[in-house]
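As given in Swiss-Prot:
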| type | residues | note |
| --- | --- | --- |
| DOMAIN | 1-142 | domain 'RNase H type-1' |
| BINDING | ASP10, ASP134 | Mg(2+) 2 binding site |
| BINDING | ASP10, GLU48, ASP70 | Mg(2+) 1 binding site |
Amino acid sequence: MLKQVEIFTDGSCLGNPGPGGYGAILRYRGREKTFSAGYTRTTNNRMELMAAIVALEALKEHCEVILSTDSQYVRQGITQWIHSWKKRGWKTADKKPVKNVDLWQRLDAALGQHQIKWEWVKGHAGHPENERCDELARAAAMNPTLEDTGYQVEV
């Protein structure tokens with residue numbers, strides 16, 4: 001039987017682009033582990049993706065995961081858009097490169113070994129774990145120490 005794990009995520013950006021951070025909580029059998037990091041220049045969508053990626057990559061074996069995010073971008077990307085992007089060689093319907101492709105590919109790889117149920121929660125609406133992730137993400141964004149090497153300035 002697969003271990004049942006809950007993951008809660010959030011990303012934050014002070015300016016978009018600007019300094020950003022992510023926060024994630026991984027819960028298994030009542031125990032929690034938190035993750036957060038801040039980047040000097042990034043976007044909110046990249047930080048939303050990073051939160052999910054880092055938490056999933058921390059899992060050491062196949063798990064049944066309920067992943068809660070307040071990001072429609074992440075939820076729709078993974079449940080609706082990614083299959084078409086992959087078929088088209090990571091291009092959008094209008095044949096443009098998928099934005100944040102480095103992180104989408106990393107998330108896709110992290111998902112491969114787990115059974116995932118995606119849940120959307122309304123941000124800033126009092127959901128306790130989402131609020132905690134938001135606090136982690138904002139604190140990391142206010143004290144960025146990393147460079148987001150995959151971030152590309154849009155022309």
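Numbering starts at 1 and runs along the chain as displayed.
Backbone N, Cα and C define each Cβ position, glycine as well.
Feature annotations (Swiss-Prot) mapped to structure.
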residue : record                : DSSP (3 states)
ASP10   : Mg(2+) 2 binding site : strand
GLU48   : Mg(2+) 1 binding site : helix
ASP70   : Mg(2+) 1 binding site : coil
ASP134  : Mg(2+) 2 binding site : helix
Query - Cβ packing number for ASP10 (Mg(2+) 2 binding site), 10 Å threshold - result: 33
Query raised in the report: Using Cα coordinates, what distance in whole Å links GLU48 (Mg(2+) 1 binding site) and ASP134 (Mg(2+) 2 binding site)?
Result: 10
**Report entry** For the binding-site residues GLU48, ASP70, ASP134, the one whose C-beta sees the most other C-beta atoms within 10 angstroms
**Finding:** GLU48
Query raised in the report: Taking just the CA atoms, what is the gap between ASP10 (Mg(2+) 2 binding site) and ASP70 (Mg(2+) 1 binding site) in Å?
Result: 7
Report summary line: The rounded CA-CA distance in Å from ASP134 (Mg(2+) 2 binding site) to ASP70 (Mg(2+) 1 binding site) is 10
Report summary line: Note on Mg(2+) 1: the CB centroid of ASP10, GLU48, ASP70 has further same-chain residues inside 8 Å, namely THR9, GLY11, SER12, MET47, ALA51, THR69, SER71, VAL74, GLY123, ASN130, CYS133, ASP134, ALA137
Report task. Compute the average pLDDT of the predicted model within the domain 'RNase H type-1' (1-142). Result -> 95
